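A quick write-up on the structure given underneath.
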């Protein structure tokens, strides 16, 4: 009985999110349309409750296992979960007005968001291939439905179909890679796979082939080249509220997935997967930055920007050392904050019947609202890596880790591409400050959205000038989880 209680205690945050998701679905059945704000309130309360439980049950420097070693509770999982709660909560604040104006303010929107969050939490704490895959599939199925949520938009339906087909293909590759590793090592437990590899597995060629399939599946989930074909279409076709969710919170789960699989499970094969990640990183930075320059749609531009950011993230992983993993975690945190701000401004400018998703929609924003133009300026500078913003320090950290690992040529390439990539971010600034507005409609938004958006952008500036605290949190999460 004590073992069961211990298992349930370890998974208490997941249980809270699961119960709240089911409660939201039931509540929606009994509420009239004008009372649906209660669904939003209960969703936020569920996130707050899960955050409090995660913080209160956190044990410093203690790694505990549950469900026969299939579930782990360590500093890395706790830090990432807290970041997920925060990001999801902010995302719901940013999107509340947007979804209410588009007949998407329904129980299933909030329930799917919570179920997707549950899948990500399982991925973060998964210590077994089946647990990791179960969390991934729960997340993926929810995202397919969310992309198609706006049923009157044919672009959204098309994007959901593409996402589903390509997602199923990537899941198959992941499963195939896992089955190959199981065939060689005889186990699906991440720690036991690592031990089997340390003792020396006989079929190295089969192992490498399995790693190739795993990297391909992971590359799709991250949106790295050459598995990025879904990113622009899904970002463009999905409702902006859903694009924000896909572009921010889910990347934290993908980061955790890579940590659990590659670092904790397959570190012995680092020399094999390092080269694969290096190729993906270089291609992602190159194609992401070059293609983004040609875009006129803001969502597609940010989609290709995401691809290039994934390339920089992979620099941290291919460094194959503690500094690299810490810098990669720091980078993903910075990326999530930048993405929240960028899409937050887009949602702020949107209104009923109008999607502010073209670059031209930002023309003359400084004349309409100097404050929001200033916030977007900070966000764009951070994405471009201009000091003293958080984006600059994040790029500096991953490139420094890669330099210490001996990838001098790749670091020089990344710096050159960062300078080239700055063009399309500065183009946004030029449109806001030097062009005449095409639309003088007053910008209306809830006060909580305005306050959070302001804090979001200013945080990018503050953390850029004083990044050490966030870096210390990332270092603590990484170093105290790998014992």
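Glycine residues also receive a Cβ, built from the backbone N, Cα and C atoms like all the rest.
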Range among 11-31, 137-157 that Swiss-Prot annotates as transmembrane segment: 11-31
Among ranges 59-79, 164-184, whichever one Swiss-Prot labels transmembrane segment: 164-184
Any contact, the transmembrane segment (372-392) to the transmembrane segment (446-466), with at least 3 Cβ pairs under 8 A: yes
Best-contacting stretch, by C-beta pairs under 8 Å, relative to the transmembrane segment (239-259) and drawn from 11-31, 110-130, 164-184, 301-321: 110-130
Considering the transmembrane segment (406-426), which listed stretch of 11-31, 82-100, 164-184, 268-288, 446-466 counts the most C-beta pairs under 8 Å: 268-288
Proximity verdict for the transmembrane segment (446-466) and the transmembrane segment (164-184), three or more C-beta pairs under 8 Å: no
